[in-house]
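Accompanying notes for the structure given below.
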């Protein structure tokens, strides 16, 4: 861990008010320009990490332990307004569902340029130019017309591309991509992934990529954190995870990925014995 | 498509107004009380009664009377007031501005108070502040407009007489009005003493009418804001650095205003209905006050004229609400 890390999470524990932990002592670092995938089943806490960083945890949850450093700045030392400012300057979000993430009664233009002019202090012209440039970059035809449109006039794929453009517009050091392709159909998924990867390289942004799809992990990330019940089971490079997974759960997740080459082996579920074993191990550690 | 909507809307409006005309015409005639008897001194001869009855056409059949009246209405002739002996159209139009100014001033107050309370409640949702907003609006809502009026008269007219409790304007003011919109005309022509006097005369009746509506707006808008604030599209601006208040005003308000608007439109027509009693209470020279006089005096043509005008007003307000709904909601604009 160095102060130059874009994101550094130490011992982060997030719990429900009832005390049930959703994240258990999560450690994670993200170096500048690096892509780290967070994988795991539904409910493993992968989205929760992104929410803890961005400060959008649900009201019923709270951080009970640990610290988050965003570009060396400890977030828990800041008051609400400072934290909001710090996150806005350093991070952006590509949301999961493009159909609900845009305000239905506002045109696209202000939804991209508002943060640039009002939070980052850009001039209106600069924000407008940047927005058009990025819309063009995410392969939207006739960006000027799209800027004047309302969300309901655009397809899901287009809306996700707009959201990607909006996230990259201020060239943030960190982007949290919260399952950005799950709500899209398969043909669009590929283009979206390709765009995120390309823009990430061009802008030099570090990306925390939340997904449950090992196929996506292989395509986009350099590092992987495998989560189970709010705990990091394995933290390694993507290469190592696929060539030599050390944890049986990681092996099971890889095996559960559909494969065109070997259809017979596709969709083999994670063995229930393994899950039961891991649960009891976590429960034991909780007591100790 | 748009033209068809407008046409069908106009047609329903005409049918509605015709229905209102029939109902009010029949109602005022089956209700007890004879306008002719009100006009004549006690002990008038049979002959006098018959003459006067014929003069006003009350000797003809109900159907005949109706068609004579409605025939005039179509040409803009609403008949002549029995007590005031002036054309009903002139009387009613001279009083309409007073009621419009009062109602819209009340609406403005209601939206301002209710809106601010809703934003504060939504901003501090889950805190004692929200509970206080709920409690206050609940209490305010449970008191009807005329009771607020009486309370205000007692407080600011009797105990601590700071506001004028009757009329529209200080009679000592000298000003040549071009219209009967005294407050607006005073403002537009730069006579702020006139406008000030008009607004201070309107303040108590307007507040009486506004408070229940304000409480309703506070409750409804707050609820709608809270529902919008858990939507996905309010997360993004928060992450991007906008404060909760900014998110409420810039991102949530228009979405939350849409469902609120429909109900406020309906409630505003109730508010206008409330002017009848509240205007009486403050001796405010509007339509409502005139309506009560007309009913007391059995001035049938005048009652009919006023009721028709109120009906037209309600229809117009509903139309306005629908239009602004379309304007606020881009998803309805093409279709």
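Note that Cβ sites are derived from N, Cα and C of the backbone, with glycine treated the same way.
Positions annotated as domain 'ABC transmembrane type-1' by TrEMBL: B:96-321. According to TrEMBL, the feature transmembrane segment maps to B:102-122, B:143-163, B:198-221, B:256-282, B:302-328.
With a cut-off of 8 Å on Cβ pairs spaced 6 or more residues apart, the transmembrane segment (B:198-221) and the transmembrane segment (B:102-122) reach 3 or more such pairs and are scored as touching. Sequence-distant contacts of the transmembrane segment (B:302-328), counting only residues of its own chain at least 6 positions beyond either end whose CB sits under 8 Å from a CB of the stretch, comprise 9, 13, 16-17, 20-21, 24-25, 28, 69, 73, 78-79, 81-84, 88-89, 91-92, 96, 254, 257-258, 261-262, 264-265, 268-269, 272-273, 287, 290-291, 294-295. Packing against the transmembrane segment (B:143-163) from elsewhere in the chain are residues 200, 203-205, 207-209, 211-212, 271, 274, 277-278, 281-282: each is 6 or more residues past its ends and has a CB under 8 Å from a CB in it.
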